[in-house]
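Q: Mind having a look at this structure? Questions to follow.
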C-alpha cells in the first residue's frame, strides 16, 4: 500500500511538471524562431534549457515511479537533491547581493536618484560589462520605458514633474541627474544651464530619445535597483519552491525505498 501511494504521488507530481514543461519549451522555440529584437533573442536559450531540463527530469521520475525502474528513481532523486542544494545556495546568494544599495532621497522631489557605487560589486561588474549593458539597453528600448515616461508627463509643469513618483529606471535613464542643474523643457527635453557639476553623467545626457541617459551610471544604478527588487521577490518564491521540492524529494525517497524492497522481495521469492 505504501509503495503504491508514494509511487502514485511521485507519478502525479511529475506528470504535472511534464505538462508544464511543454509550454515553456514551446515558448523558447517560438522566441528563437520569431524573436526579432536582441532582448527576445537573449531570452530564448535559457527558456529552452529550462523546458528541456524539466521535461527530462519529470520523465525520469514518472517512468521510474510508474514502471518501478529503480535506477531511474535513483537518478531522479540525485537530480532533485542537487536542485535543492542549488536552490538554497541561490536564495542565500540573492539575499546577500541585494542587501546593499538604495535610492537617495532628493529634497523637494517626489522621486529618488541612484548611484552605481551604492550597490554590490558583483552586480556592478555584471551590469557595467559592455556586452551585457548593450543587451540591457536593447531590452529597455524595447520596453519603451522612456517613451511611456515622456507621454505620461508631457503636459506636466515643473513643480508637478518634481513631485512625480518615478521608477528607478525612469529616474536613472529617462532624465538627467539633479546634480546637472539642467533647465526643464519637457520630461525628456532639458537644456544645459550655467552650473558646473562633477557628475560625469551630465556630459552623457542627450535629448535624442534613442540616447537620453542610457549610457549614464545613474541608468545602470536604476536598473540594478529594479533588478534587486525583482531578485528579492524571486528569492521569496524560491523558498516556496524549495519547500515543494523537499516534499517531492521526501515522497520520492519513500518510493525509491519501497521499490528496492519490492525488487528484493521478488528476487528472493522463487516459486
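Every residue, even glycine, has its Cβ placed from backbone N, Cα and C.
The shown structure was predicted, so the numbers you read here are calculated from the model rather than taken from an experiment.
What TrEMBL records for this protein is below:
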type	residues	note
TRANSMEM	12-31	transmembrane segment
TRANSMEM	43-65	transmembrane segment
TRANSMEM	71-97	transmembrane segment
TRANSMEM	234-252	transmembrane segment
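Thinking about packing and proximity, how do these listed features fit into the structure?
A: Proximity of distant same-chain residues to the transmembrane segment (12-31), defined by a Cβ-Cβ separation under 8 Å and at least 6 residues beyond the stretch ends, is recorded for 40-41, 43-52, 54-55, 57-59, 61-62, 65, 248, 251.
Residues 7-8, 10-11, 13-15, 17-18, 20-22, 24-29, 31-32, 35, 71-76, 79-80, 252, 255, 259 of the same chain, all 6+ positions outside the transmembrane segment (43-65), place their C-beta atoms under 8 angstroms from a C-beta of that stretch.
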